[in-house]
Structure formats: C-alpha cells, structure tokens
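Reading through the structure tokens given below for one structure.
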Amino acid sequence: MPEIITIDGPAGAGKSSVAKEIAKRYGYLHLDSGAVYRAIGVVCSERGVDLNDEKAVVECASDLSVELTDSGRVLVDGEDYSEKIRTLEAGKLASKVAKFREVREIVVRILRKVAKGRRVVIDGRDAGSYIFPEAELKIYLTASPEERAKRRYLELLRKGESASYEEVLREVLDRDESDKRREFAPLVVPEGAVVVDTTGKTFEEVMGIIEGLIKNK
Ligand code: C5P
C-alpha cells in the first residue's frame with residue numbers, strides 16, 4: 001500500500017470525507033491541510049490582523065503553533081479551534097491567507113513534520129503537486145459546482161448554520177476561482193494524478209473506485 005496518498009480538488013468535492021474513510025479503513029493518519037489554513041485565517045483575523053496585508057499575515061502565522069492531533073483536532077497555541085474553523089466565513093479567511101507564498105511555506109513545514117515516518121492520507125489543493133510531489137498515489141477528486149454547493153449547503157444546515165444554497169454556490173465558485181488563479185501553488189491536477197469525478201455518485205461508489213486505486217498500488 002502507498003505510504004502517502006494525496007487527495008486534491010476544488011471545495012466541496014468530498015476530499016475530506018474520502019480521506020477520513022481511507023484513514024479509518026486502512027489505518028492511515030489523516031492530514032487535513034485546509035484546516036491549517038482555516039486555523040491561521042481565523043486566529044489572525046481574531047487578532048485584528050488585516051488579511052490583505054501580506055507582511056502582517058506572515059508575521060502572525062509565523063508566531064503560531066498549529067498542531068493536528070491523531071484524533072483530527074486542530075490546536076492553535078494549545079487551544080482547540082476544531083469547531084470554530086468549520087464555518088463558511090472561516091473558509092473565506094483560509095482562502096485569503098492561502099494566497100501568500102510564505103504562509104504556504106509555513107503550512108507545508110507543519111504538514112511535512114507531522115507526516116514524517118508515518119503513513120498519511122492528506123487532502124488539500126496542492127497536496128500532490130507541491131506538498132508531497134513524491135506521493136505514490138495522487139487523486140484529484142472533483143464534481144460539478146452545483147453538486148459541490150449542494151453538499152456544502154446540506155453540511156452547513158446539519159451543523160445548524162444558516163445559509164442559502166445560492167450563497168454557498170457563489171462561495172464555492174469564488175473559492176474555485178481564487179484557488180486556481182493563485183500565483184503560487186495554485187489548484188491544478190497534479191502530474192500523475194487519477195481524476196475521479198464524483199458527480200452523481202454515492203459515497204460508497206466513490207470509495208469503491210478509490211479502494212481499487214489503493215489496492216493496485
Ligand atoms: O479544504 P478547505 O475548504 O478546508 O480549504 C479552505 C481553503 O484553504 C481553500 O479554499 C483554499 O483556499 C485553502 N487551501 C489551500 N491549499 C490547501 C488546502 C486549502 O490553498 N492544500
């Protein structure tokens with residue numbers, strides 16, 4: 001089985017659900033790279049940093065100690081941010097700070113350190129193209145924007161957040177744009193990645209495809 005599995009793709013493609021399930025079924029450590037950007041975005045904004053000010057954001061991010069625990073919690077300077085980073089707003093803040101090259105370098109260092117010597121499945125936007133280009137299995141998970149927005153919308157409702165489908169769709173499209181157009185480490189299909197389109201497929205159908213890929217490695 002591969003030591004490192006990367007799962008990239010646009011917002012709402014189901015990357016983190018798939019990554020969590022792989023971790024559970026095969027005993028991998030799941031690294032959610034988006035959670036680190038979310039944590040940095042949320043904490044820097046809480047501290048009153050202007051997220052358009054690159055220097056200030058980099059300064060704030062370099063001061064933080066972000067930890068991803070084996071049980072999937074996200075701690076910043078020892079404080080648990082796991083719930084606070086799951087809002088629609090936190091996703092927007094994450095996209096803002098993720099544009100800055102030095103912030104990306106900080107995040108990559110955090111992730112490589114946690115992954116050292118372990119079998120990991122990591123989901124993100126540049127996991128296979130930039131964080132772990134050496135990964136043995138790279139997956140690019142995608143789905144139509146409407147389907148991705150529907151999934152995000154239902155997830156937010158389940159968590160008791162109020163949002164409209166139109167608002168979520170707009171946010172998904174905005175984030176796609178900003179992730180693809182970013183100058184440094186943009187969202188791309190990594191070289192050697194297998195593209196899995198999940199539009200119209202159930203979770204079990206998607207997992208069936210992914211398990212086939214893992215077993216073939
Ligand atoms: O995947 P998630 O929705 O948690 O990611 C939030 C945002 O963080 C993304 O829209 C993207 O801007 C940024 N991100 C990134 N690179 C990653 C993971 C997330 O730029 N590897």
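Residue numbering: from 1, along the chain as shown.
Glycine is no exception: its Cβ is also placed from the backbone N, Cα and C atoms.
As recorded in TrEMBL, the features of this protein are as follows:
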- 5-213: domain 'Cytidylate kinase' (DOMAIN)
- Gly9, Pro10, Ala11, Gly12, Ala13, Gly14, Lys15, Ser16, Ser17: ATP binding site (BINDING)
Per-region confidence, the domain 'Cytidylate kinase' (5-213) (mean pLDDT, whole number): 95
Protein Cβ atoms within 10 Å of Gly9 (ATP binding site), excluding its own: 27
Contacting binding-site residues, sequence order - Gly9, Ala11, Ala13, Ser17 vs ligand 1, Cβ under 6 Å: Ala11
Cβ neighbours of Ala13 (ATP binding site) where a neighbour is any other Cβ within 10 Å: 26
ATP site shell beyond Gly9, Pro10, Ala11, Gly12, Ala13, Gly14, Lys15, Ser16, Ser17, criterion: Cβ within 8 Å of Cβ centroid: Val18, Asp123, Leu141, Ala143, Arg148
CB contacts for Ser17 (ATP binding site) [other CB atoms within 10 A, all chains]: 16
